[in-house]
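Enquirer: What follows is a single structure, and I will ask about it in a moment.
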Amino acid sequence: MSYAVKELFLTLQGEGVHAGRRAVFVRFAGCNLWSGREADRAHAICRFCDTDFVGVDGDGGGRFADAPALAHAVEAAWGAGGERRFCVLTGGEPMLQVDDALVDALHASGFEIAIESNGTLPAHPRLDWVCISPKAGSEVVQRTGDELKLVWPQAGSDPDAYEGWDFAHLLVQPLDDADADANVAAATRFVLERPRWRLSLQTHKLLGLR
Ligand SMILES: C[S@@+](CC[C@H](N)C(=O)[O-])C[C@H]1O[C@@H](n2cnc3c(N)ncnc32)[C@H](O)[C@@H]1O
Ligand SMILES: Nc1nc2[nH]cc(C(=O)O)c2c(=O)[nH]1
Ligand code: SF4
Ligand SMILES: [Mg+2]
């Protein structure tokens, strides 16, 4: 299978339990909860997305003909050194494209593989780290994983229900929009009231990284 990738870059994982870790990000094009067009945002299932995932024209992006070609690009972005190789598959919605061949090729290249997914499609079973970020109004089928990352505040989401799902870590991440300061305060209150949860900040934005 070929893969449509918006951009591919080396950075630090900004969010979640692995925040601060060196990582190659693969941002797949396309999502099943929003077209990515501003004209459609108000009527999309997911309306707060902070990401451009349309097309394959970003830095390092393109159409990769097969899994070895994409794994080779990930290796090139990582550079020299076989230690602690880590890649994050995101998007858009990566589970629209991630398949056996890609997981096997990245593992063969020595990468630990994390995914950032909205959970509406089953996560690939051989991923090393599964982060699910549920979106109100969508049906989340992937209710197990390593971290659940809830963007907050989010009308219609149900933190009590998420506590019953099977995730090792529960995180709440402030919604980045025009009310960002108030959203950080709301997320902080959330954690003070719910000791099973911890705060995830988008540290790459604070650091001026991608
Ligand atoms: C752009 S999404 C791509 C992966 C996948 N489609 C998903 O939603 O999990 C990556 C992460 O950014 C989060 N995110 C998107 N827009 C955000 C915003 N405005 N503020 C905070 N987090 C946001 C998502 O919830 C998700 O955890
Ligand atoms: N540095 C950095 N860390 C991230 N963690 C999750 C991201 C995403 O968009 O999936 C993201 C991102 O876009 N950049
Ligand atoms: S599900 Fe993820 S990629 Fe899709 S619109 Fe929402 S935040 Fe953006
Ligand atoms: Mg991002």
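Using N, Cα and C of the backbone, Cβ positions are placed for all residues, glycine too.
Positions annotated as substrate binding site by TrEMBL: LEU12, GLN13, GLY14, ARG27, THR90. Taken from TrEMBL, the feature [4Fe-4S] cluster binding site applies to CYS31, CYS46, CYS49. According to TrEMBL, the S-adenosyl-L-methionine binding site annotation covers PHE48, CYS49, ASP50, GLY92, SER133, PRO134, LYS135, GLN173, PRO174, LEU175, ASP176. Marked as Mg(2+) binding site by TrEMBL: THR51. According to TrEMBL, the feature domain 'Radical SAM core' maps to 18-210.
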Enquirer: Out of CYS46, THR51, SER133, LYS135, ASP176, point to the one nearest ARG27 (substrate binding site) in space (Cα versus Cα); all of them are binding-site residues in the record.
Expert: THR51
Enquirer: When you average the Cβ positions of CYS31, CYS46, CYS49 for the [4Fe-4S] cluster site, which other residues in that chain have a Cβ within 8 Å of that mean position?
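Expert: Once CYS31, CYS46, CYS49 are set aside, the remaining close residues are LEU33, TRP34, GLY36, ALA44, ILE45, ARG47, PHE48, THR51, PHE53, GLY92, GLU93, ASN118, LYS135.
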Enquirer: Enumerate the residues of the same chain, LEU12, GLN13, GLY14, ARG27, THR90 excluded, that satisfy the criterion Cβ within 8 A of the mean position of the Cβ atoms of the recorded substrate site; list them in sequence order.
Expert: THR11, GLU15, ALA23, PHE25, VAL88, GLU116, HIS204, ARG210
Enquirer: I'd like to know which of these binding-site residues, GLN13, THR51, THR90, is least surrounded, judged by other CB atoms within 10 A.
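Expert: Result for the binding-site residues GLN13, THR51, THR90: minimum number of other Cβ atoms within 10 Å at THR51.
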Enquirer: At the Cα level, what's the spacing in Å between CYS49 ([4Fe-4S] cluster binding site) and ASP176 (S-adenosyl-L-methionine binding site), rounded?
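Expert: Cα of CYS49 ([4Fe-4S] cluster binding site) to Cα of ASP176 (S-adenosyl-L-methionine binding site) measures 9 Å after rounding.
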Enquirer: Who sits close to ASP176 (S-adenosyl-L-methionine binding site): which same-chain residues at least 6 apart have their Cβ under 8 Å from its Cβ?
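Expert: In sequence order, PHE48, ASP50, ASN183, GLN202, LYS205 meet the Cβ cut-off.
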Enquirer: Filter the binding-site residues GLY14, ARG27, CYS31, THR51, SER133, LYS135 down to those with CB closer than 6 A to an atom of ligand 4; keep them in sequence order.
Expert: THR51
Enquirer: Give me the Cα-Cα distance between CYS46 ([4Fe-4S] cluster binding site) and LYS135 (S-adenosyl-L-methionine binding site), rounded to a whole Å.
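Expert: Computed Cα spacing between CYS46 ([4Fe-4S] cluster binding site) and LYS135 (S-adenosyl-L-methionine binding site) is 6 Å.
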